[in-house]
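Shown next, in structure tokens, is the structure this report addresses.
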Amino acid sequence: MRKRSFRTVAGGAAGVLALSAAAVMSPAQAAATTYEVRTEAQLRAAVVDANENPGADRIVLRASITFGSSPEEAIPGPDGPQTGDLDVTDELTVLGSGKTIDANGVDRVFDVTGDVALTLQGLVLRGGAPALGESGGAVRSTGSLVVRDSVAVGNAVEGAGASGGALFNDGGTLLVEGSILKRNAAVRAGGAIEANAGTTRVLGSRLVNNSAGPTPGNGGGLHLTGEGRVEVTDSDVLRNTATAEGGGLWNSAAGTFVVLRSEVRGNVAEGAEATNGGGGLFNDGGFLNVRRSLVQGNSATGASGSGGGVLNDAGRLRLGRSTVRDNEAERAGGGIETNAGTVDLRRTDLIRNEVGANPGNGGGLHVSGAGVVDYVRGTVFGNYASLEGGGLWNSAGGRMLLDYVDVEENVADGDDSDNGGGGLYNDGGFLKSRHSSISGNSASGAAGSGGGVLNNGGFLRLGRTTLRANDAQRAGGGIETNSGPVSLRRTDLVRNEAGTAPGNGGGLHVTGRSKVTYIHGAVVGNRAGSEGGGLWNSVTGEMRLEDLVVRGNVAEGDDATNGGGGLFNDGGFLNVLDSKIKRNSATGASGSGGGVFNEGGLLWMGDTVLRQNDAERAGGGIETNAGEVTLEGVDMFGNTAGDNPGNGGGLHVSGNGRVDYDGGTVTNNAAANEGGGLWNSAVGTIRTTGVTIRGNTAPVGPNVFNQPPGGTFTVDGTPIPPGDNDFSN
């Protein structure tokens, strides 16, 4: 390899450049050459000579260079070899060893034309500013560009369509390795890098404090246009800003964008529309694949900005073994917003993301439109929504599937009765969870509902899932469903709470015309400030329970029509089969129905045990206030009614209720006043067939009591007289 050095030779007013040390070689003799340069004139001459010398040449900077700082060295005139940017038309490597090329606002530094390769190593590229409307503040390339161990700082492109504040890859290949791109700016897109199709790789590098905007202002750090591919690996994308979308990174509709082992932190997207945002990343319909990465502290700050961490606009988004944390958005999706499209999350955590008040849905993740979310093995922790869905929010047209996902300690702060869903909110779509845990979530607004889950007119299916220690102010500490079907299989509701506004359905609450099917599960230790410590069913609701354990739940309401420590049926249809209802309590001053309270509805129970439930007023096991009750093969054992007044230890009928009881046992129940086993009102009806009634205790009518002047009360066809009696069979 030949080595050449350059010196400046006086010659006329403008001066000319002359080569020293060797004669110009003919094309036949051309070989790779190394040029050592110290001045702008020498650099320009070296680039011209290298272009004319076929093959791979090298330029070594021995000093920093500033364009236009020594006018006597340059030939005046239009953009050409001695003015403007440096046109590279043949393979070239420039080695800087930390030296700077400052374009000084004259133009960009390098312009690579054709299918040629330029490698920049150990350089600082500064002050690039091409003509209005042109892209690539420091370098524009249509060929193969490598920027290695270098810094591009303070470059800018202005004018309509100007993109790539530092680098513009125009359909070629770009590798940025071990480099820092900071404080660069573009009017249209790509504050640091714009890729127009082609292939772009960012490896072990940092994109810091770059900006894009204001027309439109997408991709503060990097922006992909067209059918290209971008890979960002082992890199940091920090504190970049876009006036519309993708504060850090932006992917096109036809693009493939991979982020691997990287951090996207502190970026901001300022767009005001609901489809603007993506503080960290924006996917405009393409494929965005984020693996083993951190998306943290990004913001969508516009009035309706969405997707503080990531916004997926009708594209395909995949996150694997990644964390999305401490991001925020004004409208929806503090962590992630997907507007239609598909989202695939694997071993990914959504932590402490927040969404503001316009309206403020989906602290961790929000689905708009017909989006599909498939989330396997991850944690949704400590996220906050000012209205609905502290953790996750699913749209009317959405489909959300959760498998082995822990949803913990999220908060939804909306005040209305259909706000809430501290953990999950399903706004009319399809939401399915399996093998998951929903715990410690809260619907904290004045009338917030569904501490764990709020299903608003959609289809909710939970299988092998546990809802534990969730709370809501109004109703449904664990689950609130407002219309729409709910299917629970092998799912447990444990220690959930509904507050005092009014405080119904500690474990689950039904509003409106919902159908709940609940098979194989446990409802344990839940609490309601008024009614239905375990489960609460509405006047138009239908609840079918099979093979459940309903144990240790508490309803604290003080009125005679409050209670239902285990179950409360507010005029709807409640069907209970093959279940155990035990040690539930109605603890209010006049609380009734320690195990079950039927308020004017239709209650059917079969092959079920009510054991050791208690109520202060009446109906230690069951209270029915009007309505119809059918019991088949039901055993009541050890239930108690307290002393206010303390009637019907096993079962109590208020008003014109009707009970048909076929088969079973009523034993060892107790009442402080009347009817240790069964108590019937003066206008009520109880008919038993094949039921064993014995060993119950009460001061008046130890086993049965028929209130004078006497309702209809028969045991195996034999009428029970009004008042005190010593009946036993």
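Even glycines carry a Cβ here, placed using N, Cα and C.
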Among 420-450, 699-729, indicate the range for which TrEMBL gives the feature region 'Disordered'. 699-729
Which range is it, out of 207-226, 267-286, 547-566, 647-666, that shows up in TrEMBL as region 'Disordered'? 207-226
DSSP says what for the region 'Disordered' (699-729): how many helix, strand, coil residues? 0 helix, 11 strand, 20 coil
Looking only at the region 'Disordered' (207-226), how are its residues distributed among DSSP helix, strand and coil? 0 helix, 9 strand, 11 coil
